[in-house]
Each structure stands twice: as C-alpha cells, then as structure tokens.
Amino acid sequence: RDEKNQSIIVSGESGAGKTVSAKYAMRFFATVSGSASDTNIEAKVLASSPIMEAIGNAKTTRNDNSSRFGKYVQIGFDKRYHIIGANMRTYLLEKSRVVFQAENERNYHIFYQLCASASLPEFKELGLTCAEDFFYASQGGDTFIDGVDDADDFEKTRHAFTLLGVKESHQMTIFRIIAAILHLGNVEIQGERDGDACSVSSEDEHLNNFCDLLGVEHSQMQHWLCHRKLVTTSETYVKNMSVQQVVNARNALAKHIYAQLFNWIVQHINKALHTTVKQHSFIGVLDIYGFETFEVNSFEQFCINYANEKLQQQFNSHVFKLEQEEYMKEGIPWTLIDFYDNQPCIDLIEAKLGILDLLDEECKVPKGTDQNWTQKLYDRHGSSQHFQKPRISNTSFIIVHFADKVEYQSEGFLEKNRDTVYEEQINILKASKYQMIADLFQDEKDAAPTTSKGKGTSKISIRSARPAIKAANKEHKKTVGHQFRNSLHLLMETLNATTPHYVRCIKPNDEKLPFKFDPKRAVQQLRACGVLETIRISAAGFPSRWSYHDFFNRYCVLMKKRDLSKNDKKQICQTLLEDLIEDPDKFQFGRTKIFFRAGQVAYLEKLRADKFRAATIMIQKMVRGWLQRVKFKRLRQAAIVIQRYTRGHLARRLAEHLRRTRAAIIFQKQYRMLRIFRAFQRVRNATITIQAFTRGMFDRRIYHKV
C-alpha cells in the first residue's frame, strides 16, 4: 500500500518458534502471491526450507530443531505483486557443531538423515552405518529425536533438491562430502613416544573412505594430516604436529569442508530462485538464532547474543527513539517514556577497543592466548556496567545482555575467531578428481553480501554472510568476528531501509513440553524484549500516522462534495476527522502528518470499507438490474420469436385442418349425391319399368277389348 519494501523480523529465545513462524510467513506469501508465470517459483521458495533445516538446524537442549545459522530471505514481487524470485543471505553457521556436540545435543540433521538411509542401494559406496558408529554424530549421546523419522525427512530433503534443480550427480556428491566428514571424524591418530609427532595408518579404513569419497590422493592426505609447512624468508620447513594439534587440524578441516558445502548449497538455491524479471519490491523475512545461554557458552553464543543485541537495538530505535523524536518534530504534546537502551552493551562489544577489537588484536599476536585476551578485557572493561568478572574464574567473563546475564568461557575464542585451516590440506582437496569438490575449494575474493535497493532488477548478489575461506598458511585476513560484524551492519542497513514488522516469539516453558505455560518465564521474556514498553508507548502514543496528502488520497471517499471543492487539503482533512471521530483526543494534527491513537485507523478503514461496500452494493444492484433487463429483453425477444413461429405453425395446422375438412365435406357431399342419384336412378328405372308394364297392360286390355 505504501509502495515501500517490507521486512518481517522474527525474534525470540532459542526454541520459541522463530523458524516455524518464518516458514508460515513464507508459505502465506507463496500462497496468496503466486507467480504470474508457470515457473512454479513459489514452490521453489518453500522447497528451500527443508534443505536449509537439514543442513543448518540441529537438536539442542533448548530446541529439537534449533537454527544454527541466521538467514534473511528476500521475496521479490513484480508490479502486480506476484512472486518473481527470492534470495537468501546466511549468517554465521555454527561450524563447531560439526565436530563437537554437548550432552543431549546432535549434529546437523543431514548427518542423521543420511545414516538412516545408508541401507539404500545408491548409498552402499558411502560406507556408512548407524550414527552411533561415528564420533562426529554421537558425542551428544542420544542420536534420535522423539517423533522424528530421519529417513522420511531425508526423502523430503532429496525431493526439495530435485525441485530446486540440483542434478542427481550433484546430490550424490553432496552426500559423499557429508559421509566423508563422518569418516574423517573416525580417523585414528596414533601418537609417537616423544609426544611431538604422530601418524595415521595407511590401513585406516575411515581415512581410505574419506579419500575415496572426495577423490583425493591417499598418501598425501595421510602425510599432511600429521604435518604442516612453515615458510620463512629463506626456506620452507615441514614440521611434525602433536596429537592434539592434529586433532585440531582435522576438526578445522571438517568444519571448513562443511562450511564450503553449506555455502555452495545456499548459492545454488539462490541461483534456482533467481529471475531476470524486473523487481518492483520485496518482502524480507529474517529468521535468526535466538538469544542463548547454556551451562558452557563459547564464541558461537557470544556472536548469537551480539546479533540479538543489534536486533533489539533496531527494535528500540524504530519503536522508541524514532517514535518519540517524530512526536517532538511534529509538535505533538508528549511526555517522554523511559525505555531500556542497550547501546552501552553494543558499544562494549563493537566499539573501538571493545571486545571484538581486543579479540582481533589478540589474534594477530603470534603467541596470543585466550587467557591473555580475557585479562585485557578485565583491565579495559572492568568498570563497565555491562561487563563483570566472575568471582572464581579467571578464564571467563560475564556480559549483561538485554535478555539476561551470560557467562562466557574464553577457551577457544581465539581459535574460532581465526578459523585456522592449513593450506596443504586445502590444496589436496583442490586436486580432487571430482570437479564439484575441487571447485568448492578454489580461492575466492572476500565478498560481503550486497543489498537490494528495492526498486530495480532482482539481481541481488547474495551469498553466505561469511565469505568462502581463502586458504592461508596461518590464518585468514579477516577474522570471523570482523566478517560477522560487517554482515550484521549490512543487515541493519537493509532492515532500516524497509518498513519493519516484528514477530515476537515467546517460549512458554524451558522443558520443551506442549500445553505447559510458565507465566513468570513469559513475563521475563516480554519484559526483556521490550514488549511491555511497546504496549505502554502504543497506549499512550499515536502508533499510526498519515501525511496530509496520503490521508486525503485514501479517505477522500468519506468527504463531502462541498469539502472536496476546497483547495486546502490540510483543512479538508481536519474537517473530515472532526466530523468522523467525536473524541478529539483520538488524533492530533502535526506539522506534516496526522497522528492517530491505536484503533482509529482501523475505524477509518472500516468507514472507508463500508463506503466502498455501499457503493459496491449500489453498483452491483445497478449491474444486476441491467443484467436482468438485458436478460428479460433477450427472453422477451425469444418469446416473441417462439410465439411467432408457434402462431404460424398453429395457423398452418388450422389451414391444413380446414383444407382437409373442406375436402371431406366435398367428398361426403359428392358421395351422398352419388348415392342419392343412384337411388334416384334405380327408383326412376323401376318407375319407368312399372309404367311400361302398366301401359302395356292397359294397351293390351284396350287391344283385347277392341
């Protein structure tokens, strides 16, 4: 209606229902705004959901289908508001889940789906058994989810791949890569006596399966799993690695392979949903990880909660700051309402010499450690009201987020931020005999996701918010934290350029139980995400507003003819509202806009709808009358024609009857005349005969007498 791009921001804690809500929103748009052509684009948009859930969702202690990445889906529309295409951005895939799962958690669904279907003939070559046999899939304990059939879900995933145009050969390559990751996790690393070196047996079944599935050279992979290359200005060294270093390198390789595969699938989905048709507008649906706090919180939870802080800030800015500033600018009488501003917490994280800056700085130090970085945080931010040092630990820190306090364990922060992967292992994968696998690891320039400007073509170059990793000897040029911060800023720019609509998902309980409602827990979430303040400001303020020009154009149907003749639109609008809304407190006239309290625009819309309904009824009445008159005239003309032909037919029948009757009479007359004439002839002849005999008798008598 406003000719402006829209965004639906679905937020809430982990397990509150964000992914399902976003899925319903996309299903609604696909249903009511079907594509104008036969491309079936709406079915493809919906088909992306089971794929992304399979490769990006996992079971956690809070949620059986938790999104472990963020996504922003832009659904493009043409001028007639038909879907023409879509694009997806992804944010910070939780790669560490590929190699580690906490107790009662699972890896990504696709691993279990593939293991559940390992008995299918086409998957015999993958060398898979049940998920419990693989280290990367069984660390959390239970590999099943109540009420979930992994084999059935796998069929849905394969069907979605097919619908999106992924060839069977590419699908098999995807499944080979996933199976290879599972085998890589089972590779047995044997330590040497001195502890500074280790090796992998050439007979290791899982290493051989890994190499066969990826099409790489066995001996090279066996060697470079346990060694690394050090380059100095003068020469190059090959150094042995300890068991722990090899385990870390192996895990880093598994994470990197999965991340590259994830990015490839996202790019292919975007390619399938791409269109060359000119895009008029778009609706974006943001489904991003919810606020998280676990017993052990690491770098992933830090980034997730940082993203939620940014979203909360965007909500505060839109609902509170901009709202109240506009009242002041328009001259509306207003008493400022206090609200929780989380800007200090965001400054703590992303400002100069904030947590992320200090983390990147420590990553550049050759011998930087998590503990040194934590100590720098204590020294720099110890006095901040949003930063606290735990009493017992020297390796953790507490951040007071808008939703809750969270204690983060610093162990692993530097390694996860560096995202180290060794060049030698990547070079082996680049030489794979399978073209698709080799292409996954080709060097790519760092690229951040671009943003559609709304009106224009729908060619939105969108990738994963985390660019493909360029292989390097030590670490990447850009840290994960740096990339994530940039991608969040781009996301905020996109959201701020649209009209946002907020869906707040409230988690009823923490036990994942149906039909159980915890009032205290719900109120805590409502308070934390600012819903209570939003209700207060909506009740006290004027949540709806129209410019005088737009108000006139929309509600001129409610105006009187004598008012429409005036030139001053502002005065016309004021006169109309004073006539329609009795309570003057329900609206306010600003310098350029009219402000309405909650429910007033709905009331005006009802009046407008009633006016249109009455006009529609009148039009329908006139049209129905005209149609009936036309129908009557047609029927009357038809009746006249029928009557004419019927009368003619009856007349002809009558004439024929008369002709036949006249002929019968004539026939009867002639017949009667003939009968009478014949009777007369017989009588006459008889009479003549009698007369003749009589005369003869008389003559004979006379003769005899003579």
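Placement of Cβ uses the backbone N, Cα and C atoms for every residue, glycine included.
Automated prediction, rather than curation, is the source of TrEMBL annotations.
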For TrEMBL, the entry region 'Actin-binding' belongs, out of 28-50, 488-510, 511-533, 580-602, to 488-510
Chain residues outside the region 'Actin-binding' (488-510) and at least six past its termini with a C-beta under 8 angstroms from it: 2, 4-13, 15-18, 21, 25, 62, 72, 89, 91, 284, 286, 290, 306-307, 310, 314-315, 318-319, 448-454, 465, 516-518, 521-522, 525-526, 529, 531
For the binding-site residues SER14, THR19, the one whose C-beta sees the most other C-beta atoms within 10 angstroms: THR19
Helix, strand, coil residue numbers for the region 'Actin-binding' (488-510) per DSSP? 9 helix, 7 strand, 7 coil
For the ATP site given as GLY12, GLU13, SER14, GLY15, ALA16, GLY17, LYS18, THR19, which other residues of the same chain have their Cβ within 8 Å of the site's Cβ centre? ASN63, GLY290, CYS505, LYS507
Assigned element (helix, strand, coil) containing GLY15 (ATP binding site), judged by DSSP: coil
